[in-house]
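Enquirer: Just dropping this structure here.
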Amino acid sequence: MRLGVGAVLAALFLAVYAIPAWVSSPSNVGNIILSPLFWPYALAGFTGLTGFGLIYSGLRLDQSGAPLEEPSDEAGAAWVRLALMAVIMVLTMLLLPGLGMVLTSMLIFAATAFLVRTRHPMTALVCAVLVPLVLYAFFAHVAGVAIPQGEVLRLP
Amino acid sequence: MTFKTFGKTFGAACALSLGLAGLALAEYPERPINMVIPYGAGGATDISARTIAEPLGAAVGKPLVMANVTGAGGATGSVAVQNAKEDGYTMLFARVGSHSVNPAMKATLPYTLEDFRFVTVYEINPVACAVSSSSGITSMEELIAKVDQGGVTYSSSGVGSLLHLAAVMVLSEFGVEEPLTQTTHIPQKGGGAAATAVLNGTATFLCTNSSSIASFVANKQLVPLMVTTAEPVPGFDVPTAADLGKPALHQLVGWTGIAGPDGLPDEVADKWGTWMASATEDADFLEKMTARGSVIELMSPEDANAFIQGQYDTFRKLVDDLGMRIEG
Amino acid sequence: MSFVDSLAAGLSLVGNIEAFLALFLGVAIGVIGGAIPGMSATMAVALTLPFTFAMQPITGILLLLGVYKGGIFGGSIPAILIKTPGTPASSATILDGYPMAEKGEAGRALGMALWASCTADVISNLSLILFAGWLASFALSFGPPEFFTLILFSLTIIAGVSGESLLRGALSALLGLLLATIGLDLVYGTNRFTFGDPNMMGGLNFIAVLIGLFAIPEILAMVRHPTAHVGKARSLGKNWVTFGEYRRSFKSIVRGSFIGVFLGSIPGIGAAPSAFLSYSEARRTSKNRENFGKGEIEGVAASEAGNNGVAGATLIPLLALGVPGDVITAIIIGAFMIHGLQPGPMMFILNVDIIYGLFIGLIVSSVFLFLIGSIAIRGFKYVADVPKRILIPAVLVLCIYGVFAVNNNIFDVGVMFVMGWIGFAMMRYRVPAAPFLIAFILGPLLEDNFRQSMLMSGSDPAILVRGPITWFFWAMTLLTIIAIARAGIRAVKAGPLLGQPPQG
C-alpha cells in the first residue's frame, strides 16, 4: 500500500520533472519511438500502473499483513547503528583517494567489526590489519590491479 | 618446454613487481607507472597496449601497471587521466576514437584535446570497408549505386566511434550528398557486434580497422571493398584510396598513442620519447603488431600533436558540414 | 580427412603432459578467480592471456578454456557462502544457495552446484562437438528483431522469481530497467540521467550493482540487528549431496543445460539470463515450487546447470563463425589470433587437428572441473564456520577491493554502497531483488534491439514479426503471459490467503 503510493509518486516525478530535465534528446529525431525519451517515459508509465495495482490490491484485501520486520530488541539503537554504517560508507569514499585503499580498509574493518559488537575484539583487530594487506598483495601483485596507494603509506 | 617459458615469464613478472621496489631512484620514474587503457580487455587498444607494455616496461625499468577503465566510448578512462596528477605516473593509451572522433562529434564531452599532452603515436591501423559475401556487392561503385536505390545501412561500435565517422566520410567522399538521410546508421555495442551485424545482414556495410575483420575476410565471410591507406594492406586484395583517386581518405586511419595530463613536465615527455624509441625497435613487438595488420610508425611529440590535430580538423569539418555534432 | 583421422590428429596434438597440465592449471586458476568476487571469470581469463603467448597454440587455448570453465563454477562458491556472486552468471544461484547455507546446508548446496555444473558442462561440450555447424547457422539468423522477441520472452521469467507478489516483482524490475537507462543513449549518443558526470556516462557498472544489491544489504541487516543469527546453525556440517537428490533434480539439470546450450550459441546473451531462465523453468515445473527461494536444492541445480551449459556452447559461434558470444570469448579469440589462427568456417578445413584437439581437451576439462571443484569446496567450506561478525567486515572489505578491480574506478565503490542501501530498503519492503537484476541485464538489450529493428525497417513495426523465430517467441511470450494471468485470477478467486495475489 505505502509501496504503491511511493511508486505512483515516483512515476509522476519521473514524467513531470526528471525525464525532461535529465534526459536530453536531439531536436532532429524523426520518429517518436526512436527518441531517447521514449523508453524512459514508457518505464515511468509502467511504474505508475504498477503503483496503482499495489494500491488497489492493498485496498481490496485490506489486510494488516505480516509485520515488515521481525521485532528487534532495541529499535532505537538499530537505527543509530545503521546511521553510523552510512557515515562509515561516506567516510570511505572521502578517505579512499587520500589514504589509499589498504589503510582505509583497515579502518572500515575495525569500525564495522565493533559496530556489530563482535565477540572476538582481538581477532577482529588482527584481521583488520591482515585482511586488507593480504587482499592488497593478491590484487596488486597477482592480479596486477592498480590498487590506489595513499599519500601516507606506499606499499611495494 | 612451453612450461619452462611459462615459469620464466611468471617468475620474471614477480621479480619485476617485487624486487625492483627496493631500488629507490631520485629521478622519474621512481615507482611503477599506471597506464590507463580506456577500452575493455581483448579490444584493439587493449591488445596493442599490452603488446607494447612488454618492451616498454624493459625500457622504463619500472613496472607498468595496466588498468582498463572502460565506459562511454573511452571517455571515462580519458577523464581519469585528465584529472590525474601531472607527475607522469598516470598515463593514457589514447586512441583514435577517444581523442579525435569523439572530440569532433560530441559537444558534451568532458574534455578537449587541449587537456592532454601527447608524448607519442606509435601505431597506425588502416581502415577497410567491407560487405557481407551474401550481399553480391563487390566494389565501391556497386555500393554507391545501391545507396541511390535506398535502404543501405552501416553498423558501427557506437555513436561517435571511428566506425561511425568512417562510414559517413567514405560515403561523402564517394559523392553521396546526404549520407545521414540517404543511408541509416545502426549502432551496435562494440566492434565485434558491428562486424556480426554485417555478417547476419542487419547492416549492409561497415568501415573499420582492417585487423578486426581480417579473419572474416580470410574466411570469405566478408568481402572487402577498399582500404583507406596509400599502400595496399596484406590480406586485403582491394584497391587503396589512392587507386580510387580519393587521397582525402588517407586521413581516415586508426591510431594508438600515449598521452599524459596537459601539464606534463618536459623531462617526463622527453623520457617517454627515448623509451618509445627503444621499445618500438623490439623485433618481437614489431612482428606481433605487423602480423595483426598494424603499421608501426613512431612519432615525436610534435609530429603526434600535428597528426592528431590534423585528423581532428578534418573530422570536425565533416561533422559540421553534415550537422552530425551531438549537442545534448 | 575422415573422422578417425581427425580424431587421431587431434589426439597427437593434445596427447602430451603439457596440454593436460595447462588445462588442469587453468581450471584451478578459474575456480579460485571465480570464487573471488570482482575478480570474476572475465578478469581471470584476461590475466592468464599474456602467459599463453609463449605456449603452443593448443596448450594456451586449453589453459584459457580451463580458466573460463573453472571461473563459471567458482562463482557459485561465494554466491552460496556469503551471498556475493563471484561472477554475474552465478547470481541465480544465490536465490536458493544462500538460504541453504543459512540453514547449515552449505555443503549440500555446494555439492549440488558442482554436480550440476559438471553435468551441464558435459552436455554443453557434447552439443558443441555434435551440433556446432547446425547451431552456428542458427546463430546467424538472429538479427535485432529476433533478439527483441527472445528478450521479451526472457523478461517473463520475472514472474518466476518474484516470490510472493507479482506486483512487487514488477516494481523491482521497473526499478532495474530505469537504472539501466543511465548513460549514453545508443542511437543518438545523448546523455540520460548522467548529471554531466563522466563516470555516469558509461552507465552503472554491472558488477558494482550486483554486489551492492546482494552482499551489502546482508551487511546492513547485520548492522541493524547484530545478534539475529545467534543460535542458528550455520556450520557446514557433515551433510553432502546424495545421489538421490541428484536424480531428483536430474530433469531440471538437463533442461537447464539445454537452455544454456541454446542461449550460449547465440552471441550476445551470456550466462546470467540463461541461469535465471533455467531456474524459473525448474520452479515452474517442480513439485516443490513452494520451497523455491527458501533453500530448495533443485533451484541451485537448475541455476548452475543454466550457467555452465553456456560455457561450452559459446565456443560454437566462436569456432564456427569467428564471432565471440561474450566478453570472455572475445578475449579467447584474441589468443587464437596471436597464434595466427583465424576462427571461422575455414578453420574446420585448415586446422582440423586443432579443432579436434580442443574437443578432446574440453571433454577432459569436465573431469578436471569435478576433481578441482571437490577439492575447492573442501577448502572454501571453512568460510561457513568463520564467526559471522568477523566474516561480515571481511566481506565488506573484499567487496570494496573486488568492485574497484573490475574497472579500476573508485566511483564504482560508491555505486555499490548506494545500491546496497536501495537493496536494503527493498529487502525491508519485501521487494524481491532478482527481478531487478534480470531487468537490469535485459533492459538495455531489449531497448537497443528494438531501436535497431526500427532503424533497419525505417520504423515499420512489421519487422518484429519477420520470420519463424520471431513468431515462435511471440507465441511463447503470449502463452506465458496467459498462464501468469490465469494463475493470478485463480489465486484472487481462491481468496486472499497471503494478502497478495501470488505469482504465476
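The backbone N, Cα and C atoms fix where each Cβ goes, glycine too.
Okay, so TrEMBL annotates it like this:
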type	residues	note
DOMAIN	C:21-437	domain 'DUF112'
TRANSMEM	C:20-49	transmembrane segment
TRANSMEM	C:147-163	transmembrane segment
TRANSMEM	C:169-188	transmembrane segment
TRANSMEM	C:200-223	transmembrane segment
TRANSMEM	C:258-279	transmembrane segment
TRANSMEM	C:318-342	transmembrane segment
TRANSMEM	C:354-378	transmembrane segment
TRANSMEM	C:390-411	transmembrane segment
TRANSMEM	C:431-450	transmembrane segment
TRANSMEM	C:471-489	transmembrane segment
Enquirer: Mark yes when the transmembrane segment (C:147-163) and the transmembrane segment (C:471-489) have three or more Cβ pairs under 8 Å (sequence separation 6 or more) and no when they do not.
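Expert: Stretch pair touches.
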Enquirer: Do the transmembrane segment (C:258-279) and the transmembrane segment (C:169-188) share at least 3 Cβ pairs closer than 8 Å, excluding pairs fewer than 6 residues apart in sequence?
Expert: no
Enquirer: Quick one: do the transmembrane segment (C:354-378) and the transmembrane segment (C:147-163) have at least 3 Cβ pairs under 8 Å, skipping pairs fewer than 6 apart in sequence?
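Expert: By the criterion, they do not touch.
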Enquirer: Mean pLDDT, the domain 'DUF112' (C:21-437)?
Expert: 86
Enquirer: Cβ pairs under 8 Å only, please: of the recorded stretches C:147-163, C:169-188, C:390-411, which one is richest in them relative to the transmembrane segment (C:200-223)?
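Expert: Looking only at C:147-163, C:169-188, C:390-411, the most contacts with the transmembrane segment (C:200-223) come from C:390-411.
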Enquirer: Between the stretches C:20-49, C:147-163, C:318-342, C:390-411, C:431-450, which one has more Cβ pairs under 8 Å with the transmembrane segment (C:169-188) than any other?
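Expert: Answer is C:431-450, with the largest number of Cβ pairs below 8 Å.
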Enquirer: How about the transmembrane segment (C:390-411) with the transmembrane segment (C:147-163) - do they touch, taking at least 3 C-beta pairs under 8 Å (6 or more apart in sequence) as contact?
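Expert: Judged by the Cβ rule, the two regions do not touch, with the required three close pairs absent.
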Enquirer: Using a Cβ cut-off of under 8 Å, list the residues of the same chain at least 6 residues beyond the transmembrane segment (C:431-450) that approach it.
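Expert: Result: 88, 91-92, 95, 144-145, 147-148, 151-152, 154-155, 157-158, 161-163, 168-177, 179-181, 186, 203, 206, 209-210, 213-214, 217, 268-270, 272-273, 276, 423.
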Enquirer: Within the same chain, where does the transmembrane segment (C:147-163) have neighbours whose Cβ lies under 8 angstroms from its own Cβ atoms, ignoring anything closer than 6 residues to its ends? I mean 6 or more beyond.
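Expert: Distant contacts of the transmembrane segment (C:147-163): 95, 169-170, 172-173, 266, 268-269, 273, 276-277, 279-281, 283-284, 293, 430, 432, 434-435, 438-439, 442, 445-446, 449-450, 453, 464, 469-470, 472-474, 476-477, 480-481, 484, 503-504.
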